[in-house]
Structure formats: structure tokens, C-alpha cells
Amino acid sequence: MRTVACAVLLACFMGCLAGAWAQSAGLEILPNSENQTKPIGRSMLLTCKPNVTNKNLISQLRWTDPSGREVPFKNPTLLKPHIFVDWLPPPGEKVLTLMIPELREADTGTYTCSALYSNTKQLSKSVHVRTIMPITWDDAPEEQYPTVNETFKIRCRVSANPPAIVNWMRDGHIVETGDRYVVEQDGLTILNVTEMDDGTYTCRAIVIATGEMALRPIRVEVHTPPQMSGALPPKLEAVEGTDFTAKCAASGKPVPRYTWIRVDTARDLTKDGDRVSADVLLGELRIREVRPEDAANYSCTAKNAAGTATATVEVTVVVRPRIGRFDNISVASGKDSEAVLECHATGSPLPAVTFRKLSNPNRYINGIQPTEDRITVDGVDSPDGRTRIGKLIISNVLRSDDGLYECIATNKGGEVKKNGHLMVEFKPSFADTPQKEVWGWEQHAVNLTCLAHSIPNATISWHFNGADLFRGREGQELQQTGYTLFGSGPRSTLQVIPFNRKMYGNYKCTATNKHGTAVHEIMLREARVPSAVLQVKMDVMTATTVTFKFFGPGNDGGLPTKNYAVQYKQDSQGWEDALNRTWPVDSPYILENLKPQTRYNFRFAAQNEVGFGPWSSQQTHTTPRISAPEEPRLLGLPLSATSGTENEVVVSPYPNRYELRWQVPADNGEPITHYSVKSCPVEKYDTEWRLLPYPCQEHKLEGQATTFQLESLQPDTHYKVEVRATNAIGNSVPGQIIVRTVKDPSQMPGVANVEDGSEGQMSSAAIVVLVVAALLLALLVVDLVCCLVWRGGLIAALCHRCCSAAKTDDSDAKIASLYSWRFPLPYCSNKEDPAMLAPAKMQQATVKIPVIEEKEPLRDGKEPVPIIKERVKRETAVDFDVKKSVSRTSFVGKDSAV
């Protein structure tokens, strides 16, 4: 009994507990709001989950739409379903979502989530979905283009739910309905648009219920229709064969595009890119290589969004002149003769025709010429009016009128030229035959030449003693006469080989053409060898050479003297053993390879084309003994011992070198072993060249040298150069020359110029500088030793002054203490030295170092050359500044390169 009661009580308790659980079970929808508001076009997600203790007791969980239909699960076959449900993971949580990817206005309503709990209790929860429409720009282009002087509405049509309020702003200010503006629901109307209305307008839409606001900036650009600027004239001319361009210019906004039309054919030239074309952007009509058929009316149309404008131009073609005929003519010269040159020219417009002679740059003028009344220029038009005939009329034609003439036709299209020839015929003339006398001799061929000028060419015949030399003579008979003919006109040469004296005489050359005859005479004379030489003088004689001067001969035999000859032998020889030497006229007459101290016999003769004349003017001379060579002749301006003017100075083109050249002198019986070249810097005093106190350069050249390169010279300096030849006997008299080098601004004084690989030599001034520098360095070392050991000398004095100054200046002492570790001065003592503390300033110490001047004179073998005058001498000293440690020399030569 007690057990039954306990069971009943337990059952009652469990029933009460189950009822309490069932009563608290429910569904929860997230977002947790009974009303959901979403804009149309947005996505939406509603989540339904059971709010129970045991979710396994939930079944039949689903969503229904406002129509009561169950919302299906997502169908994989549909790419984009409008509305569907899906489980959220994990599956055991039983969370069912309602998804709407894109809300529509028809989706407004109540959506219900329901479920069955414990198979007995129905659970449900609802949410109301309300859609709103955001501000949408239905017709509000961001760029709009009104036309000037017209009424234009700036469009701005807006849709929204709830409806939006629209107003306008410009430059931050509200635009209200006024004189020229009318604010409407779908736009802003502007009355009588002007260019000042350009700018940015803002269309503002407001929904007060939702607090939404949207702005749409609209750029307004006022367009103006095209207007021709007047750059295109009504008529234009194009020149045949050239490129033609016509430009059509119009103003407007936006920039207009252009179209060119040929009016007579209505052809759009912008679509034809061949020879005739048009540029739609630049408005240019282009015609390449204009032809006559391009003449027409052309229309240009400028067009933009605001309208069009048209202009028409008439293009005429200028046809270049052409010369069709300009014939060559022939006219005989004479008092009553007349020459007419006709030139036929065409072109549009008809060209003007004139002439000129090619040998004269000036053109003839129309009518009678002011400087030559024989010449007239005239012209007429052809009967059809398409040709201009120009005429050049020359009366009383002269031979000088012969030549080329130029016809010149000119019009707007340009100028064209053509040459024609006027041939003036005349009888023969021997004006250009210079031969009047010819010399010949036995068995020697001589040419007699005639040149006959005539038009037409003349035929030439030869006569001697009144007979025609070649009439009736041919072949072997003609050759036996000694005459040969080359050419019969207009140039003819008669070759004569005289074999007897009867062939000398007067020959006549006769030229004949249809206008007349001319005769020219040439005298053939007999030439002989020259007569004896009038006089021969011995000019220079050395041990091995002799130089002659010739005078004569008295009679050259009819031909100029070509050579002089000498026949010479030793006194002990006969003339059959004599030697000969021949020189051309006006050459150096030097006989070489003679023996020293030898007696020679000489005789002389002259030679022309015929041969040598008789030997004459016999002389006897004895060559001197062997001696030193002759003076070398320098190839340049020789030094004069008396004048010494600046014009006698040879200028080197280089600042530091000079190429010296000379002729090989006579060795006077002994071969030249070597040459000596010496160069010394000099300066001119009054009329003399004096040596400067600088070292000279000497060079010895072995062998037969004839050139030498003087190097290491100073710029802008005069040098006296000597060349001596030496043989076993001794030295020759020196050949002398003065050379001046050019200036070289890039070279520093005292520095040797090193150019072309040459090494400079150190001058005496440079040596002085090096010696002074070495002395200064030695003094500095000695003073430093004195400072370190005995604390005396210049360095010690300077150090003591620094230290004593540090005592008197506290700030300087502090600074010195900071740096004392960096610059230890063991010789810097605080001990005062009265001598060092003297207030007097230190004076510069000057050390006089004499410099020995080189006074080696150039010698000519006898007396020394004057050196330097006393007034030119300078004292040389070196100044040493103990404060600045700088040395300098007080010597500066007047013309010294250092």
C-alpha cells in the first residue's frame, strides 16, 4: 500500500514537471525584432531557432511566406533562387534560416517560423518585413550640354519610397525659381542659356522619413554652334605641279569637325585619301601636285553638336609656263644681216617672254636695248590666244653675237628657261695663229701650224714660192719632198724636214670657206749653233769645287741657249783626256770632285737645240790646299752681321722646338765627319744680339745629317743658332740664324715644355729654386732640433708666445687644456724668456744667395761674342719669410722664359 502511494506521487510530480517544460518551450527569430525594414535590392537573412531544453523533441521546423506557402529549401538546379531556407551548421542545433538574396517590393509581409514540439505542442513565431526604395537616379546624366540662346532643362528625375524631395545647388548656394531658372520635380530649366551658365550643378534628393540624402553633381557645358572665322577667302589660286592647301577655320564649342565637298561632283573629300584629301580635325583641303582639272568650287562645312556652318571657295589653277619651241638658227655676219630668234611659250595666264645671252647675267628688256640698239625684244600672241611668241631681233649681226641665248617665260606659276643657239657664220681668220717665224736646221723636223677660225670650217692649203705644195703629189713622191701634212682645217700642221737651204723661206697658209679666204705667212729660218761664250768668271773656288759665272754667247744662232758646258783637265793632261760637265741655264754652275792643290785647265761652250758652239774662254786655275769645310748654308733667314732687324728673325711655329735644316757645304778635300749645333738664348740691345745668362744647348751630329730638331726651347724666346761642319782639318765658319719661338699661354714660366715626347731640361732658375728649397728645409730641421734640445730658435719663440698668451686669456687657456692631449708639445715650456717676450715684432730674415751667371760666349773661331751689358745685370737674392715659410727670388729676367 505504501509502495503504490509512492508511485502515484512520483507520477504526479513528473506530469507537473512535463507540463512546466511544455509551457516554457518556444521559437526565437533573429534579428530579434517583430518588424524588419530593408531597402529594395538588398539581401535579407532571418534565423529561426527553437528555445527548448531538448532540441531533439523539435520536429517539422519550417518557414511560411506572407501567402501561407511553405518556403522551400534551396534547389541546386536553380542558379539564383529568389527565396529559400537552409540549415545552419551544426545540424543538431536545428537552426533554420530564411534567405532573400535581393528584396523586392512584393516581398513585403509577415513571415512565420513554426515547429512541433514533443509531437504534441505547436510552436510558431512571426516577423513582419517592410521594404523601402532608396533614392535612385532615373534620369540624371552627369554631363549635359545646352546650346547657347536656347531654353534647356537640366534633367534630374529621382525615384524613392517614401518619395524624395529634390532641390538644386550651384557653387554651394541653393538655386531657386527666378528670372532665368525654373525648379521642377524632374529638372532645372534655364531660360536663354548663355556661356556664363557653364559650371557644375548639384541635384540633391532628400527622404525625410528615412533620413536618406543623395547628391548628383552634373557638369553643364554650354555649346555654341560653329561660326566661320573668315580665314577662307572666296577665291584662291593653286599653282600647277605644287601642293595646295586651303584652310577652313570656324569657332564653336565643342570644336567642330570639318567636311569638304567638291561642288560640281558632290564628292566628299574627307573620304578620299588619295591625291585630293581633307582633314576633318584641322579643316584643311589638301591637293598634291595640282593639275588643271582641279579648278572647281569647293564647299567647307563645320559641324558640332550645336549646329553647322558652311563656306565656299573657288579654286583656280595657274598653269606653269612651258616653252614649246626655241629653234637654233644660223646667220652670216654682215652689215645688212638680221637674226630673229623665236620662242613659243604656253601657260595660264599667258607668260611674259624675254631673253638673255648666257654669257651675260642681265636679261634684255622689251623693246630696243638702251646699251645696244641693234637688239630688240618683241612678242605677239598666237591667233588662238594660247601661245605667246617672243622674238629676239639682232640687226647688223656681228661675230660676237654668236653663242647660246636663253628664252625665259614667266607667269604666276613660276619661270621656265630654254637655251637656243645663234650661229654667226663668217669668213676665215688667223687671229689665233701666233706663229710668224719658225727656226729649223738640216734633217731636223719642224712644224708650221695654222689655226683658222671660221663658220663653217675652212679648208686650208699650203703654198711655197707661189706653188701649192700638195696639189698633184701623192704617196712616195710626196714623202720625197720633205713635207708632211697633218690636217686640212680648221687646224693644219705642215711638217718640214729641211734637206737643203732652198726649203727655208716664206710659207703661206690659205684658208677658204663659202664666205671668203684668208692667208697667213710663216717664215722658216735656218738655225745655227751658238757662238763662243763671251766671258766666264770664277766665282768661288775651294779645294775640291769651283763655281762659275757665264756671260754670253754673243749670237744664240736663232734659238735660246739651253745649257752651258765646261771641259776641264789637269795641266799635265791633253784635251783628249778632258772631262765634261753640263749645266742648264740659270742653275748653280758648280764643278765638283776636283783635287786639292792641283792646276786645272778649263774651256767653255754654249748649247742650243742645234748643238754645242765652239769651245772658248780657256782658263787655268789651281785649287787651294785641303782645309776646313765651307760654312753650312742654313735653310732659313741667315743672320746678318750688320743689320739685325726683326725681319731677319725666323719664327718657329712651335713654342718649344724648331726644325733646323742646312745644305751640305763643300768639304774642301776632307770628308765631313760631323756637325755641331749650338743654340743660346739671346736678347736684342740696340742693333746687337746679346747672350742671356742661361745655359746653351750643344749637340754633335755624326755623318751627313742635314736636319736637326731643336727641343726643350722656352716659349716667346729668341735663340742664336750656330751650325759648324767639321772634317779632319778643323771646323768651318759657323752658319748662324736667329730663331724666335711663339708664345704659349698654357706654359708656366720656369717650367720646361715637354711636347711630342721630348724631355725638358732644367733651367738655371729652376736649379736656384731647388737649392733655396733645400736650404730652407735644412734650416727648419736645425731650428726644430734647437727647440727640442735647448728650447731655443724660431719655433720655440712661437711656442712660448702661444703659451704666454694662454696665461693671459682664461678662455684660451681652457680651450688649450681641451686640446693639449691631442697636440703634446714637449718643447713648449711655461718658463719665460725675456728675450722671447720682447714686444717688438719679428722681422723677415733675408738670406742673400748669389747665383753664378753663365757667361760662356758663342765663338766664331776668333773673338768672343759680346755678352751682356752692365745695365742688364741683376742682383739675385732669395727672401725667406720666417712667419710664412715662403721663399721667393727677386731676380726676374726681362725676356727670361723662367
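Cβ from N, Cα, C; glycine included.
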Recorded disulfide partner - CYS48, candidates CYS6, CYS12, CYS113, source Swiss-Prot: CYS113
Disulphide bridge to CYS203 as given by Swiss-Prot, partner from CYS156, CYS300: CYS156
Disulphide partner cysteine [Swiss-Prot] for CYS300, chosen from CYS248, CYS343: CYS248
Structural state census, the domain 'Ig-like C2-type 3' (226-316) (DSSP three-state): 6 helix, 50 strand, 35 coil
Rounded Cα-Cα span from CYS450 (disulfide bond) to CYS248 (disulfide bond), Å: 75
Cβ neighbours within the same chain of CYS48 (disulfide bond) - under 8 Å, at least six residues apart: LEU27, GLU28, ILE29, LEU61, TRP63, VAL95, LEU96, THR97, LEU98, CYS113, LYS125
Which same-chain residues, if any, lie at least 6 apart from CYS509 (disulfide bond) yet have Cβ under 8 Å of it: PHE430, THR433, LEU448, CYS450, ALA452, ILE460, SER461, TRP462, SER492, LEU494, VAL519, HIS520, GLU521, ILE522
Mean of pLDDT values spanning the domain 'Ig-like C2-type 3' (226-316): 90
Which of CYS203, CYS248, the listed disulfide-bonded residues, has fewest other Cβ atoms within 10 Å: CYS203
Pairwise CA distance, CYS407 (disulfide bond) versus CYS203 (disulfide bond), rounded so that it is a whole Å: 80
